[in-house]
Amino acid sequence: MEATNGFKIFVVEDDPWYGQILEYHLGLNPDYEVRRFDSGRALLDHLYLKPNLVTLDFSLPDMNGDELYNKIRSSHPDLPVIVISSQEDIGVAVKLLKMGVSDYLLKDDSTKDLLWNSVIRIRENQHLRNEVETLKEELGQKFSFQNSIIGNSPSLQKVFGLMEKAIKTNINVSITGETGTGKEVVAKAIHYNSKRKKKKFVAVNMGAIPKDLIESELFGYEKGAFTGAVTRKIGKFEEAIGGTIFLDEIAEMDLNNQSKLLRVLQEREVTRIGGHEKIKVDVRLIVATHQNLAEKVKANEFREDLFFRIMGLPIALPPLRDRGNDILLLAKFFMDEFCKANDMAPISISLAAKDKLLKYQYPGNVRELKALIELAIVMSNENEILPEDISFTSITKEDLFLMEQKTLKEHTKDIIKYYLQKNDNDVMNTARLLDIGKSTIYKMLKEREL
Ligand SMILES: Nc1ncnc2c1ncn2[C@@H]1O[C@H](COP(=O)(O)OP(=O)(O)OP(=O)(O)O)[C@@H](O)[C@H]1O
């Protein structure tokens, strides 16, 4: 950090000689801007100058350390304070540290060095905290609707409208949609645009955890709760306190674990396995599934009471094939993203290739589109994506049929040819099977159309 943007340290010390020593010593670091005050009042009057750190002599003429510290904390709760005292009273030290002072140093021969180290440590902590804040901000930006959820089809606009509603409150949210439609992206965007954004978004995939481990994963355990529990483990619910827990593939949960989850949601508190303490868990719950939960309730595979508790605000994500032109917006987004990440110049896409993308059915939805665009870029000449660069791995007969650009007459010929081959060129049989006149087939054969 440059001196112009220095780290401001305010030293409060009524003994001018000792104050000068501290001021001189700390001033040896050119990054520090040190100012000295000789009373608590003088410091309070200058807090508007926004120091980064304050050191306090415990016994000042106008007030003592804890009184002054309380006053500082009430107006500047995040300002780190180091107390320097000539009293070797462990009780006072513990009390001040409990109140939240960053460090408590005794006035002796080693004070200067201890102070020097303490300032470095506090500065590093502040730096890390700022970095975390900036990253959280960036993450929030990244997950703002416009940046993270690409598309403006009417079906997606409807989803955005519901998300806006979800963001304003703490209501539970249940997201449904085929695989790869962006359920997790939506859950994250709700979290990072809500009041909870500074706390954690904790995602748990219920389908990926063996059922015997779900309880300990979600609610944690105490040391010694079972063989192998060598340390305490904090569960995902506790981890998400103040934030959001996202339970993906909720339909995969077995009935026993469903009851445990229901209890936690009703009581809003968890008890770690092997523990007694009830821990309040203020979390927003978002669940997702690609299955039909109502059907599972009917089949007695999902508890009805849990179903109603988690349903909250339901958001149904449309499959990609129903989002029209969003396919091309997403393709462009993934093209730019991939080129940027691989230090390539931006690439374009031909009209015929766009057409090919629009005709496909995308069983794997957005995830599949992303993968096939990335592959198409790799296969291309790096200037333009052409139809032959695009290959669909999970192609269905329906896709193939729609993708072939043929007239109805051409399709008819293909069908007749197919049936003729299948029936050993038996015209009578083929005509009967297709319910058309045999003369139509003879005519086509004569004109060499088949
Ligand atoms: N509208 C969108 N805009 C940009 N990227 C998207 C969009 N929807 C999904 N994605 C991307 O597609 C991929 C799959 O999304 P996501 O994991 O959220 O889907 P999902 O529905 O949760 O899938 P699954 O059911 O398999 O868990 C991710 O890489 C995600 O970033």
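One-based numbering along the chain as shown.
Heads up, the Cβ atoms here are built off N, Cα and C, so glycines get one too.
Per TrEMBL, the features are:
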DOMAIN    8-122  domain 'Response regulatory'
MOD_RES   Asp57  4-aspartylphosphate
DOMAIN    149-378  domain 'Sigma-54 factor interaction'
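The average per-residue pLDDT of the prediction over the domain 'Sigma-54 factor interaction' (149-378) is 94, rounded to a whole number. Long-range C-beta contacts of the residue listed as '4-aspartylphosphate', restricted to its own chain and to partners at least six residues apart, with a cutoff below 8 Å, comprise Val12, Glu13, Asp14, Asp15, Tyr18, Gly65, Ile84, Ser85. DSSP assigns the residue listed as '4-aspartylphosphate' to a strand segment in the three-state reduction.
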